[in-house]
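S.K.: Starting off with a structure, shown below.
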Amino acid sequence: MTSSNCGVTTLRLDSQTERASVHLLPCEIEYDGAAEVSQFFTATIKDRKHEKTVSFRGRGLKGQEVICPQGYSGLVLREVNKPGSDQEDRNVKVSSVFQKFTYWNLETLPNSDDGIVMAMAWPDLADAVSVLHFLQ
Amino acid sequence: MDLSEFEADNSVSCRLASAIPDVCKTQDCCLGIDEAGRGPVLGPMVYGICFCPVSKKEDLKNLKLADSKTLTEEQREDLFLKLDEAKSFVGWALQILSPNTISTSMLQRSKYNLNALSHDAAIGLVQFVLDSGVQLKELFVDTVGPAAKYQEKLSQRFPGVEVTVCPKADSLFPIVSAASICAKVARDHAVKSWTFPEDMGELDTNYGSGYPNDPKTKAWLLKYLDPVFGYPQFVRFSWSTAQTLLDSKAVPVHWDDDEEDGEKAAARQNNTSMLSYFKASAQQSDSRTPHRFFTERRLQSLHTL
């Protein structure tokens, strides 16, 4: 532990948690909050010959579905109340769970050299490394 | 005019064509090119070509064609029907460039400007006609850009074809008037019957002419601006009118190829600004630098939220 604040974290997982369709875009949107995703984005996705295309703010994107590593789930967290001071614990609620998400690249098709695709291999590798470590 | 092929997917570019008259495959032909909807911030841009045997130029003149801009919508519809009736010797083809194609091309990483897009559409249509067996000898093109350069480009691309590029060709040559009527009719139909893939609910279709200086168009653009997504694909995002509105009314979006500089951009991109070297050094963390394996994958160890 490097810092003393926020040492305790509460994670609430309701059984009724919604499954969300998650999209990872190759840009930074200076906004946090609700957005008309299904109206503007999901409705305009074209899926031909295993190639997903869409546009965002007039820029062409190409996408691919990425599946979470086996045994792992993706979580979308929402902070219930912002802590008043850094002495208080942060409290976040799981607002949705996902097993896969769509990863979008600007104009080029996502490929195995993309960081996010490569990152998905880490849990398997981590397992292998710890088994090796244990055997030694 | 049947646009159902385009309407099936109005996010991409689409080619529509009449049947090729048999006489055009055996006799020397002339061909006219014109465009419709270059200026508007809304809807597609349409490239149209019309062709007929050189020997039938007089018959074409008798149809009393004129530049589509000087005609009413009704007159254009009538003339398009007349062209259709003359299908034994007149053929046409259209390239409909969807607003989404225009936006994504112009805003591409390696910029593809409107002139290049237009020239490629025109060249594509002429090539299509040649591939269909039309004996093309004369080419007439209306242009807004520099005529001489374009004429040279087309002459080189189509050797053996006599190319005439000039402003106002749509009122000088009936075959270009015919092309302009086809293009304009298609553009009007496409705008009028635009199906929004976005669920727009009770949509106000009072968007005026679509030209940026039309107050109705401006009002529509203000009314339908979404703070995150900006606009439906019906709008050309690459137009300065749209961009100015997005810059002032929508949330900022940053791409990795944005041309921005300054300390703020550097800070946002997590780069170290030169100035930071002059600041009192922050407490040195004792953590080791993670291995390249992790930084390349943007993986970080988290201890706290």
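Each residue, glycine too, has its Cβ placed from N, Cα and C.
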S.K.: TrEMBL has B:D34, B:E35 down as binding divalent metal cation; which of B:D131, B:D142, B:D188 does it also list for that site?
M.R.: B:D142
S.K.: Among the binding-site residues listed here, B:D34, B:E35, B:D142, which has the most company in the form of other Cβ atoms within 10 Å of its Cβ?
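M.R.: That would be B:D34, with the most Cβ atoms nearby.
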S.K.: Using an 8 Å cut-off from the Cβ centroid of B:D34, B:E35, B:D142, can you name the remaining same-chain residues around the divalent metal cation site, in sequence order?
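M.R.: Everything else in range on the chain: B:I33, B:A36, B:Y47, B:G48, B:V141, B:T143, B:A169, B:D170, B:V176, B:A179, B:S180, B:A183.
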